[in-house]
Amino acid sequence: MGDRPTGKFSATSFHTSMLHQVLGRSASDHLLHSYHRSFNGFVAKLTHDEAQRLKGMQGVMSVFPNGKKQLHTTRSWDFMGFSEHVKRATTESDIIVGMLDTGIWPESQSFSDENFGPPPKKWKGSCQTSSNFTCNNKIIGAKFYRSDKKFSPFDFKSPRDSEGHGTHTSSTAAGGLVSKASLFGIGFGTAIGGVPSARIAVYKICWFDGCADADILAAFDDAIADGVDIISISVGSFSAVNYFEDTIAIGSFHAMKKGILTSNSAGNSGPDAASLANVAPWTLSVAASTVDRKFVTRVKLGNGEVYEGISINTIDYKGKMFPLIYGGDAPNRTGGYQGSNSRFCSLGSLDEKLVQGKIVLCDELNDGFGAATARAVGSVMQGNDDRDVAYSFPLPNSYLDLYDGIKIASYLNSTSIPTATILKSTAETNEFAPVVVSFSSRGPNPITNDILKPDLTAPGVDILASWTQASSPSEGDPRISPFNIISGTSMSCPHATAAAAYVKSFYPSWSPAAIKSALMTTATPMSVEANSDAEFAYGSGHLNPSMAVNPGLVYDAGELDYVKFLCGQGYSDKNLSLVTGDNRSCSNSTNATVWDLNYPSFALSTKPGNNTTQVFHRTVTNVGSAVSTYRAVVYTRPGLMIKVQPSVLYFKSLYQKQSFVVTVTANVGKSVNMISASLVWDDGVHHVRSPVVAFVAPPTND
């Protein structure tokens, strides 16, 4: 995906001509979309053989199938010490946040444009208005993309959100203040986005069946040209792919070139190692962690005993008791099920005649539809799965650990008329927060081991935010709510997006890398004891937006730095020139190692039991006090030796740059597979912290 050629250029004619050479016949019916506003590329209907012929043509950088990516699905801001009363820049209302998601519900109170003036003059976008959608001075632009033109009956052919995900992420990032917000009384309080005065530009790329690569690129193409300041995309593959086979990496590279930082979700495939979905070094990859509020759901038995589980249960039975039955005692025998199957309460496994009107005890965590379709009034699930996130179910439900589950089973077998009720969920304090949630994808970086990912973590568990009015907050529930409580790195991503927008509002000329550096080096350190995967779980630490506007020093980088990095990764001259839009090529002067990319963290992969030494070159830019002296402070552990030269940096002016070298010697793998340390540049006011990680490299597929 190369740069858009300068001067007069007809993308459609050029792309049609290329296709004609491949097909040997009229190509207009095969060309589905031309990218022409910010970069040069197109979408076409081709057979495998035709795609291979196109791939071999001169001037073609890459050809890949139009795959599908998935969505990575208020107390949080206060938890981070970033309340609605935090110091704001007067230019916050000039910041435009581009949201690439499922669309938006414009009538939500979070998107009221009361007291907003007209859009910033830099705005070049538009609003795809329709009979059911209009923009305002808060939502200043909205577009939708569906390259294959296949719509579900449940989809809106407009930027309107039928899923809820995009409304939730948009309000988390930039929604206005809404008092008395809750999900049917749960999580009651004030809902507000991180940059409530910022404008929102909506790019609907995700539908009932996922998010097409062709549509993702089209949205990036428009968002860059429209003039957004930050791009937020809570979307990704199930696993990371090569940078230039990944449409998010491609689109965000072009955004970076235009001074736009892309914030994206790390993925929801944790806690498996190397499960990250978005790892390009020019983007901000965000993990998900807990806040100091959790939702618990209690189960009360007929004998008066009460057990505490987790879920989001909005239905209040007001203490009414119901018969209790074990799923294993209610198999749907006519459907071919035995008790050994029905004990898990899977869909179709339960006998409706035995279950109807009862609460069912199930031997695993599932979606609850097995009990719901058998017309139960609730379910109690027991298991060993992580209990660090609460989910909604089609019926009242509580998920208990096995210890309490065994007690309930014992009660059930001790009486001829066992009864129980499930109470409405309540909010309680989570004194262990923040902890990276189990589902959040982990490092190491599967594409480039020695770039530490994720970059940081942010609140992504049990987040209350606005919701569409076109669907229920939980599947199977006919009720509608203007708010919902959901979890995912999709929820943590817009928190980081808002923090980036907040920094941008104070420093509009800062590069994407400088903003990212400010967020990373001011992140709050997290506990290794509470997060066994350490930096592979939380990166530089927990997002701290209010500190990020005064980072002291930043690790800056631009297009040339990333070009050098790509050259060092083995990208060919042909591919490189078409990405950058010029004729530069990889040479000794442009071929840099991964350890020389001016990144705000340090990672070194090693072989087990071997001493490995690596040299890192870094440059910092002074954005704190004009005249200042920073001293290097190293916090390390046995097995990891770190030397910094020089160990003192002297600055005489703002934006002065100083370079230093970090030499890391590691011996990992004898007793542990990973050693964590940190380097802090300290001037007595600012503490510019970078994690240093040495680890045993994961096995390759070679």
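Note that Cβ sites are derived from N, Cα and C of the backbone, with glycine treated the same way.
Keep in mind the model is a prediction, meaning the values are calculated, not measured.
Feature list (source: TrEMBL):
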type	residues	note
DOMAIN	11-72	domain 'Inhibitor I9'
DOMAIN	93-539	domain 'Peptidase S8/S53'
ACT_SITE	Asp101	active site, charge relay system
ACT_SITE	His165	active site, charge relay system
ACT_SITE	Ser490	active site, charge relay system
DOMAIN	596-693	domain 'Subtilisin-like protease fibronectin type-III'
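Secondary structure of the domain 'Subtilisin-like protease fibronectin type-III' (596-693), assigned with DSSP and counted as helix (H, G, I), strand (E, B) and coil, comes to 1 helix, 62 strand, 35 coil.
Counting other Cβ atoms within 10 Å of each Cβ, the lowest count among the active-site residues Asp101, His165 belongs to His165.
Between the CA atoms of Ser490 (active site, charge relay system) and His165 (active site, charge relay system) there is a gap of 8 Å. Geometry remark: His165 (active site, charge relay system) versus Asp101 (active site, charge relay system), CA distance 7 Å.
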